[in-house]
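Pulled from Swiss-Prot:
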{"type": "MOD_RES", "residues": "S95", "note": "phosphoserine"}
{"type": "MOD_RES", "residues": "S138", "note": "phosphoserine"}
{"type": "DOMAIN", "residues": "201-234", "note": "domain 'WW 1'"}
{"type": "MOD_RES", "residues": "T212", "note": "phosphothreonine"}
{"type": "DOMAIN", "residues": "236-269", "note": "domain 'WW 2'"}
{"type": "DOMAIN", "residues": "323-370", "note": "domain 'SARAH'"}
Amino acid sequence: MLSRKKTKNEVSKPAEVQGKYVKKETSPLLRNLMPSFIRHGPTIPRRTDLCLPESSASAFSASGDGVVSRNQSFLRTPVQRTPHEVMRRESNRLSAPSSYLVRSLADVPREYGSSQSFLTEVNFAVENGDSGSRYFYSDNFFDGQRRRPLGDRAQEDYRYYEYNHDLFQRMPQNQGRHTSGIGRVTATSLGNLTNHGSEDLPLPPGWSVDWTMRGRKYYIDHNTNTTHWSHPLEREGLPPGWERVESSEFGTYYVDHTNKRAQYRHPCAPSVPRYDQPPPITYQPQQTERNQSLLVPANPYHTAEIPDWLQVYARAPVKYDHILKWELFQLADLDTYQGMLKLLFMKELEQIVKLYEAYRQALVTELENRKQRQQWYAQHHGKKFLS
């Protein structure tokens, strides 16, 4: 008897397992991991409009209390609902896109469970003084579980659904009812889920926040007309030599230890003069006391013996400079000879000045002598004429 080969559709279908599925405990570490579609959003078209096969649908309906998918199929007749229920489901569907709703509690990291922004978006409620937290989930929450891609991930999807279903079973029965205005999970942007630390940082002057059509948060720099995905003060650290100081008197400011100054503006933020605040602290550099008098160091070449050839070179005309091969000297020797030439030049200037000074003194002496002679001549010749 010939064996019939399996077609592609039959190979892709998950194998049916007879019996009851056993719940697999999800590791707490894996629950804290955020899936990639929450961090970055859907980057490729997801096949979310496909309907579940009958085999998987029966497995879901056994533990899902008869939840029916929102997508209509020609193989099954649509479920008859009351007009009030249809209007409520349509309002929830339009208020939050299903592609950005939180799929399950395991998809959200636990550290956001205690943050204020996530609490408001999951809609905790406290009624009649009861401090116990009440969870309310919309129909989109269950529809998102039914619309996940099929294939080799069918058992994983069932594990997520069973985990959420067990959470509902552990809740009291009186806490599962819907209240007005709380039975809807709002569409949380990706920027709110990933940038909780940047919300605490203030935006520099000229910056604003906006969201894309898909709900991703970005920052606009109106000073340079540019956009950025990350916070302007979060993506860059402090430059070397800077320190952030949190003072109860002056607030948070930044200190530049290199230039000894302080400012409120982040050193990496763009400077807008009309928005810049005055510095919190004015540094006054301490003047060092001069205990010792400043002494000019003596010229070491005053006592050095100057070579004869260097004295000849200093007095020789410029046309003989090519005779010396300066490239044969070492650099240290050239520095030494340069200092000696400066010393000879200073001595020559000193000698010239002394010669001019001696000449000036001789002129002054000659003038004084001539004046005395004229006075003496005038006195003696005057007495001779009078006698």
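In case you wondered, yes, glycine gets a Cβ from its N, Cα and C as well.
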The domain 'SARAH' (323-370) [mean pLDDT, rounded to integer]:
89
Under DSSP, the domain 'WW 1' (201-234) has how many residues in helix, strand and coil?
0 helix, 13 strand, 21 coil
Within 10 angstroms of the C-beta of T212 (phosphothreonine), what count of other C-beta atoms is obtained when all protein chains are considered?
14
